[in-house]
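To start, the structure itself, in structure tokens.
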Amino acid sequence: MSDDFLWFEGIAFPNMGFRSETLRKVRDEFVIKDEDVIILTYPKSGTNWLIEILCLIHSNGDPKWIQSVPIWERSPWVETEMGYKLLSEEEGPRLFSSHLPIQLFPKSFFSSKAKVIYLMRNPRDVFVSGYFFWNSVKFVKKPKSWQQYFEWFCQGNVIYGSWFDHIHGWMPMREKKNFLLLSYEELKQDTRRTVEKICQFLGKTLEPEELNLILKNSSFQSMKENKMSNFSLLSVDFVEEKAQLLRKGISGDWKNHLTVAQAEAFDKLFQEKMTDLPRELFPWE
């Protein structure tokens, strides 16, 4: 088990699969192409679900690709050692993912036409999902208790830093033509309409039966049964034995876990931190 994080520019990262020098290269040297499509999220916000949907949009609903290539190769995380190497060698348009805050994201993006889809989620659910996820993997420092992780999360002393800072950093981009802001909650509530919105953003036309295939093959149950998407291929060096990295895939699970005192403290913190952003941005409020 790892007993500390890798720190880079004040942000915590796992100390397995990441290096400071690579993080610097990603920010300063990595070249984003105009044809690239990028999935941006804070961890535990529905990243893998969105990857699955985008892969299926690319294949018009045909599941062969998602059933034959691991999810981390179909849409590599650019900031990881493996992802940086894969993407640096890949020719043509690329699909890739990132959890990076805006100040560490590749500088080349801001003068490109590459399309970004930013998926956000109720931070209470992000917190709960993160607690179970980080306790299931071996490459990060683990909290001693639920309360300790709650304090870490509220302070931003967690992997990829503060949720509040991440949102604040990226939200000014939401009016740009090449930036699509989505929420996990709207994707869950009306998956069909949200997938149609993604297709419109990407300039992709689908037949009704292709859209139906995308919805079917990206369902939580389908992903849980697909060994290329459920992370069961990861070695025991990375995950605890019998860990389920796709846990529930629901909205509002925080109500089953947060104490009344924690919920009240979190509400107060949310109001303080997000007061300068329009409430309608957050469909869970």
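We number each residue from 1, going along the chain as drawn.
Note: Cβ is positioned from N, Cα and C throughout, glycine not excepted.
Feature list (source: Swiss-Prot):
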- Lys44, Ser45, Gly46, Thr47, Asn48, Trp49, Arg121, Ser129, Tyr184, Ser218, Met223, Arg247, Lys248, Gly249: 3'-phosphoadenylyl sulfate binding site (BINDING)
- His99: active site, proton acceptor (ACT_SITE)
- Ser251: phosphoserine (MOD_RES)
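When Cβ atoms from all protein chains are considered, those within 10 Å of Arg121 (3'-phosphoadenylyl sulfate binding site) total 24, not counting its own. The Cβ of Lys44 (3'-phosphoadenylyl sulfate binding site) has 25 other Cβ atoms within 10 Å, all protein chains considered. Counting every protein chain shown, the number of other Cβ atoms lying within 10 Å of the Cβ of Gly46 (3'-phosphoadenylyl sulfate binding site) is 24. Annotated pair Arg121 (3'-phosphoadenylyl sulfate binding site) and the residue listed as 'active site, proton acceptor', C-alpha to C-alpha distance, rounded: 13 Å. The Cα atom of the residue listed as 'active site, proton acceptor' lies nearest to that of Lys44, taking the binding-site residues Lys44, Asn48, Tyr184 as the candidates. Tyr184 (3'-phosphoadenylyl sulfate binding site): 27 other CB atoms within 10 A of its CB, across all protein chains. There are 21 other Cβ atoms within 10 Å of the Cβ belonging to Met223 (3'-phosphoadenylyl sulfate binding site).
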